[in-house]
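J.: From TrEMBL, for reference:
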TRANSMEM  31-50  transmembrane segment
TRANSMEM  137-157  transmembrane segment
TRANSMEM  185-211  transmembrane segment
TRANSMEM  223-243  transmembrane segment
TRANSMEM  249-267  transmembrane segment
TRANSMEM  335-356  transmembrane segment
TRANSMEM  368-389  transmembrane segment
TRANSMEM  396-415  transmembrane segment
TRANSMEM  421-444  transmembrane segment
TRANSMEM  456-478  transmembrane segment
TRANSMEM  484-503  transmembrane segment
Amino acid sequence: MDAENSGPNQKDEVEIIETMNNFGKYQKVQYSYACLAAFFISMIHINYVFVAGDLNYRCRVPECENQYAVYNATWWPHSTIDRCTKPKLKEDFVVGQMCTNESFTDAVEKCTDWVYETNNTVIATLNLACQPWKSNLIGTFHNVGTLFAMSISGWLIDRFGRKPTLIICSVGSCIGNLKTFTSSYYVYVFIEMLEATILGGMYTAAMVLMIEIAGKNRILAGVIFACVCYMGESTYACIAMFVPYWKDLIRIIYIPPIIFISYIFLLKESPRWQILNGRTEDAKSILLRISTVNNININKEKLANMNEEDLKKQFKIENYEQKESYRDVVKSKEILKRVFVAAFCRFTAAFIYYGLILNSVYLPGNKYTNFMLSTIMSFPGELISMYLMNRIGRKLPMMYGYVICGLLCVASAWVPEGYVWLKITLFLFGKLLVSVCFTGVVTYTMELFPTSVRGTLIGVCAVAARTGSIFAPLTPILNTVSVILPSIFFCGFAFIAGALLTLTPETKNLPLMDTVEQIEISIKIREIRRTDINTRGEESKDLI
């Protein structure tokens, strides 16, 4: 009887490694925690789009108004005057006299003081009128801070773990609330950069954690994560539409991240990272929890009795005797090639993605609506990305996506202002395609690198991406030279990125590699197979 009863259980029992290959309730819960953090951080990451957005303003004419001046003055001259200059009063004008449209000459002089239509953005609070470089540099300095974060976050998540890095970065973003207490431009920019330096590592930590517990659903992990980020951006546009005053807007999006302190108890570490870093008992505990929550039948006694070497053998990383580092990466030509291609593609995706977001508020029509539409177009982009990358593969959809996106950007810029809907439609389709590439290249680069240095190399690629986002806020300034110039840059980088993808391998249906050595061995095996195929082909030709 005992033998008969044990039969079905034995049949249903699976290998311990299968706990990481199934996507169940455990993954869904952990994904929800990571995605909630990404939702709020994505709003903070683009806060400057509206917080530091442009305002209508004009020069102050002290002879005609007091300190409580209003923007729409009835006496302002009807002739078009640059908002950085003011009209000169006639010589016979007497101070104290009522100003009218006829009180001014046709001459203008340099402006030193301004009247703002509203105080909804920091442009008024920090008195940044006629200083476009300063206002645009707020976004640039934010991305410089994120660049600093990305340069160290990869090392942090490989050294200390995915979980602590995610928690510290998420909670630390609350420091941005200090911006509401300053009236100094330089202090404001410093806090902006500091907050970005702290929160920037959250993206890498959350994405790596989700990929490593996703099992065979790695594309789904990338798509879900990206969609949540886009939801954060769209939600931010809605909030900004109804709460235009910048201080209130900051408080709404910067205070909630304090709740992520609770992740100390809720979020779990990646078992793969724990196995590679000698935390065998912690890894066994989480693997047991995954099997219980997902209702996976494993040999729990076998798992409990496993030592470090046994567990590494189970996950096919028995050759990982010491931690791999930059030295191992530099020695591998294959890894270096992958890093270069991945870094450039991440740079291009971020440069175009954020460049289009920032330029969307300069399109004809309502800036909030245009911004929202540009973020909403990312959602079908994610669905298209998931379908194509699962159906066709990783490389081809991205290669064509980059090229077509570049062409659409240039086409949108060439369309005259009078064709509003055509211009916006081409722009939005370009945004859709860059969203496909943005998510695709993030997931693809995750698969290109081994677990041992994945965090570090993803950090390198993230630095490249943030470099692209640093330059993105400066692209609106190029419109003063030529309206097509930003699009030419977008197109050029997109074409190069599409071409470089031909140098890296397809990763569809391939398992995640855990060490540099495994990747080197796989490349050697591929070359041997290719040589055998070529040899057989030549032999067949000789026989014919």
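Including glycine, each Cβ sits where the backbone N, Cα and C put it.
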J.: Looking at 31-50, 185-211, 368-389, 484-503, which one has the highest count of Cβ pairs under 8 angstroms to the transmembrane segment (335-356)?
T.: 484-503
J.: Are the transmembrane segment (396-415) and the transmembrane segment (185-211) near each other by the rule of at least 3 C-beta pairs under 8 angstroms (pairs 6 or more apart)?
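T.: Between the transmembrane segment (185-211) and the transmembrane segment (396-415), contact is absent.
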J.: For the transmembrane segment (368-389) and the transmembrane segment (484-503), decide whether they are in contact, meaning at least 3 CB pairs lie under 8 A, counting pairs 6 or more apart in sequence.
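T.: Answer no: the transmembrane segment (368-389) and the transmembrane segment (484-503) share fewer than 3 Cβ pairs below 8 Å.
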J.: For the transmembrane segment (223-243), name the stretch out of 396-415, 421-444, 484-503 with the most CB-CB pairs under 8 Å.
T.: 421-444
J.: Where else in the chain does the transmembrane segment (421-444) make close Cβ contacts, counting only residues six or more beyond its ends and a cut-off under 8 Å?
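T.: For the transmembrane segment (421-444), the far contacts come to 207, 211, 218-219, 221-223, 226, 230, 342, 345-346, 348-350, 352-353, 356-357, 360, 363-365, 370, 373-374, 377-378, 380-382, 384-385, 388-389, 394-395, 397-398, 401-402, 404-405, 408-409, 411-412, 415, 490, 494, 497, 507.
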